[in-house]
Amino acid sequence: MAVKKFVVGCFDDEGPLFDAVKKVRKSGYKLHDVYTPFPIHGLDKAMGLRDTSIHTAGFLYAIFGTTSMLSFMTWVFTKDFPLNVGGKPHFALPAWIPITFEFTVLCACVGMVITFCYLCQLAPFVKKHHFHLRATDDLFVMVIECTPKTNESEVSSFLTSIGAKEVNVQNAETGWWLGTYDKDQKLFEGQSETVSA
Amino acid sequence: MALLRYESQVRPPLVENDKTYHQVTEDIVRPIEANPSRLWWIGFLISVALLLFGVYSIYREVTYGVGQWNLNKTIGWGWDITNFVWWVGIGHAGTLISAILLLFRQGWRTGVNRAAEAMTIFAVMCAGQFPIWHMGRVWMAFFVLPYANTRGPLWVNFNSPLLWDVFAISTYFTVSLLFWYSGLIPDLATVRDRARLKWRKYMYGLLSFGWTGSTKHWQRHESLSLVLAGMSTPLVLSVHTVVSFDFATSVVPGWHTTIFPPYFVAGAIFSGFAMVQTLLLISRKVLNLEEYITIEHIEVMNKVIVLTGSIVGVAYLTELFISWYGQNPNEGWAFAQNRLNLFSPYGWSYWLMMGCNVISPQIFWFRKLRRNLVVTFFMSVIVNIGMWFERFVIIVTSIYRDYLPSSWSTYYRPTIWEIGFYLGTFGLFFTCYFLFSKFFPVIAVAEIKHILKRSGENYKKNMYHIEKETPDHLYNETHGDHH
């Protein structure tokens, strides 16, 4: 990844975001991302993001769980360890349903969480640039990437015109790096830096 | 402002008083940043003391063997398995709140789900102790796992309900932990970004996995939560079903009961909600969260308690009826003599169970009592005593008098180390819960913000004008062409 230049606009309400995103995309600016303190339904669609297919991954893990556990138990009780318990059948499918089900759920859930962490690049000791510390508190932070053609002051005034309460320009690494959050990070200043509404 | 969503005025607000997003963060994160109160220290130290007593009891049991417990020929495990089933049952309410109510889109779950999920995890941890330490040679515990070994072709018995239990409980624990932690990540990031102290920034930086709040990440997070909820729902039903199979698939009189699975699941939710009430009534007071865990939440949970308590009551009566109608003399005797007969050695426990689980929750038909905190707290304890005795009745009254009268053990009493082990799991549970309430957001911050504009008191006040809007206009405003 590389360090790029971004124009950052902070909104204090999720209401204007939909309109703002629409206008940004219409104006042809390169929308990097919108950081929000909680999920906002429909914003991903408005930004033109495609649906996630993480649930499809979950389905595949589930199928793996079902087939592997069933075939494993079949191999154990019909080939490797065919124990005769009062003449009961070796291939005891009804008795294997609980374990097959539990293992299916286990595979699907563990697999999906690992996939989620991989896709979002989440792990301990992973550090990322945060455009505004209050993006996890009460600000909705829209970040526009500057291309060689972009005029920063024009983007800044554009963001103000569509409702951003606070606008600034930042150079930032777009990817993640190994690090912890106690270093090189501006500490939270409290409510004193409330943006003027 | 684009209107995001609308909720009827008839529903009372889920968040009381005027709250902004920042105020929500402040209220919920403050207990983490402040020093723990005196009450917290008292509770925590009592819990640690109980835990240490439990550790010593286990030490006795491991050193001198299972003979430290007053078990005998017919009662192979008395308090031990009673406590196991009791703790597993308590865990179920957490998953019900976090998963099933998510699928049913119940907004009120957001106030209580985080604490309830934590309760699930701690309760399952406590439950797991009982079968593990009961093994005696506990260092052999890994034998329950199907692993390739050098003892010839030798595998665990996949047809055994006890092995189903191993899979069910370990899967339940893992999935609950993942579900809980994936929900915690954004909230831990909130704590991280507010931290002023270096160690706090470091710790929460590690715990929050570098969460930024990107829209794409939220989209995946929502999808993940929904699928995990969808998977947890049948999982939680299967777990207590499998626990009930431990009994229902055996040939012991008193357990010839095909309704055990649904009856156990209803009982589990019943006792779990009671434990949620106990914990939340304390938490909301100690952590000043009365505006988020409101009387409405308490009342809704009391409704669940009266519903599940009545289901359990129907199950008890069905069981009784079938023991007579089934015409199996041994089964009938187990019910008529070992349970119903008040003057039999354990008859009192059956009637205690009936009183606590079936009769006493009926007071929650009255709205005034459902909304009374003292009554609720008292009832939550009564219900859990009743549910403990339910498991005690099912287990002990079925096995203390078997087919051979010479091996009847008409009075089984636990030793101090058996009781100590049980108290120790209380210590474990509450130590974990106190640490959780100190270091983690007890309420899901992001989820409360998500429902704030729909269910917050200050926002709901302004909603009356929306009711006058035409549906078409509302639809355009909510679903407006965002593309």
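Here the Cβ of each residue, glycine as well, is placed from N, Cα and C on the backbone.
Feature annotations, reproduced from TrEMBL:
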TRANSMEM  B:39-59  transmembrane segment
TRANSMEM  B:84-104  transmembrane segment
TRANSMEM  B:116-142  transmembrane segment
TRANSMEM  B:162-184  transmembrane segment
TRANSMEM  B:224-243  transmembrane segment
TRANSMEM  B:263-283  transmembrane segment
TRANSMEM  B:304-326  transmembrane segment
TRANSMEM  B:346-366  transmembrane segment
TRANSMEM  B:373-399  transmembrane segment
TRANSMEM  B:419-446  transmembrane segment
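Two recorded stretches are said to be in contact when at least 3 C-beta pairs lie under 8 angstroms, sequence spacing 6 or more; the transmembrane segment (B:224-243) and the transmembrane segment (B:346-366) fall short of this definition. By the Cβ criterion (distance under 8 Å, sequence gap of 6 or more), the transmembrane segment (B:263-283) is not counted as touching the transmembrane segment (B:39-59), fewer than 3 such pairs being found. The list of residues near the transmembrane segment (B:419-446) in space but at least 6 beyond its ends in sequence, with Cβ under 8 angstroms from a Cβ of it, reads 24-25, 28-29, 31-32, 36, 40, 43-44, 46-58, 61, 79-80, 83, 87, 110-115, 118-119, 121-123, 125-126, 129-130, 133, 183-184, 186-188, 190-191, 279, 283, 286-287, 289, 292-293.
Using a cut-off of 8 Å between Cβ atoms, the transmembrane segment (B:304-326) and the transmembrane segment (B:346-366) share at least three residue pairs, counting only pairs 6 or more apart in sequence. Proximity of the transmembrane segment (B:162-184) to the transmembrane segment (B:39-59) is not established, fewer than 3 Cβ-Cβ distances being under 8 Å for residue pairs spaced 6 or more apart. Tertiary proximity for the transmembrane segment (B:373-399) is limited to same-chain residues at least six positions away from its ends with a CB under 8 Å from its CB atoms, namely 74-79, 81-83, 85-86, 89-90, 247, 252-255, 267, 270-271, 274-275, 277-278, 281, 295, 298, 302, 305, 309, 312, 334, 338-339, 346, 349-350, 352-353, 355-357, 360-361, 363-364, 412.
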